[in-house]
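Asks: I'd like to ask you about the structure that follows.
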Amino acid sequence: MNNAIFPNKFKAALAAQQVQIGCWSALASPITTEVLGLAGFDWLVLDGEHAPNDVSTLIPQLMALKGSASAPVVRVPTNEPVIIKRMLDIGFYNFLIPFVETQEEAARAVASTRYPPEGIRGVSVSHRANMFGTVPDYFAQSNKNITIIVQIESQLGVDNVDAIAATEGVDGIFVGPSDLAAALGHLGNASHPDVQQTIQHIFARAKAHGKPCGILAPVEADARRYLEWGATFVAVGSDLGAFRASTQKLADTFKK
């Protein structure tokens, strides 16, 4: 196949447990995304859950990353087959599925990205992902080149981490530290020992099933600790956070 998307290098890197350093994109801006794509990150999350993103804003961001070595990962707003199908059709191959609590929910996410008989993805013969029908073996290659990362961020998800990690087709486990902290009774305090112990437990159980773990860690000390604990893919910051910090610093330099 003469298509740079296949094979999926990010999926292969996760399977090989190669450390992948990423960044979170929440500004919903093609220009910002293009700048991130030039920075040298291994992967970038384009957030469709908490950021103001939808199909119309994500397509220009995918275009902005064309030619970048950074793998685009979309966090969908919910584990819903129609939403996932639309993200597939516009050209995403790497998915972060929020708030997965059971093996059944994990399996549903996988099925949503696979064509029958392996899954339930609807079939369109011409869309952006298959270069509008010009990729002859897209149907044969697509199923095995999709990355599914499921996000554990509740007590029920923690309780079911073994079953979730063992789900066929799940490529990785991602910890949502803020929601996990809230679920454990420590809203706004992901550094609480209970939360940190739970994160370490999730990492250990995922590793026991041979699945790589990831997390968002905008504080350097946290990111380095999670890497020491065995995290494979870590988002070490965000465009929003970097922009706010740098502009605040600039203003403070001259205003104070």
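Every residue, even glycine, has its Cβ placed from backbone N, Cα and C.
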Asks: Report the candidate from GLN151, GLN197, GLN200 that shares the substrate site with SER178, ASP179, as recorded in Swiss-Prot.
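Replies: Site partner of SER178, ASP179 for substrate, according to Swiss-Prot: GLN151.
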Asks: Enter the number of other CB atoms within 10 angstroms of the CB of ASP179 (substrate binding site).
Replies: 18
Asks: Would you say which of the recorded positions ASP89, GLU153 has the most Cβ atoms within 10 Å of its own Cβ?
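Replies: Of ASP89, GLU153, the one with the most crowded Cβ is GLU153.
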Asks: Any idea which of the recorded positions HIS50, ARG75 has the thinnest Cβ neighbourhood at 10 Å?
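Replies: Looking at the recorded positions HIS50, ARG75, the Cβ with the fewest others within 10 Å is that of HIS50.
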Asks: Rounding to the nearest whole angstrom, report the longest C-alpha distance spanning GLN151, SER178, ASP179, listed for substrate.
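Replies: This binding site's residues have a maximal Cα-Cα distance of 12 Å.
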Asks: Determine which residues of this chain, when GLN151, SER178, ASP179 are set aside, have a Cβ within 8 Å of the centroid of the substrate site's Cβ atoms, and list them as they appear in the sequence.
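Replies: Nearby residues not in the site list: PRO98, PHE99, GLU153, VAL175, GLY176, PRO177, LEU180, ALA182.
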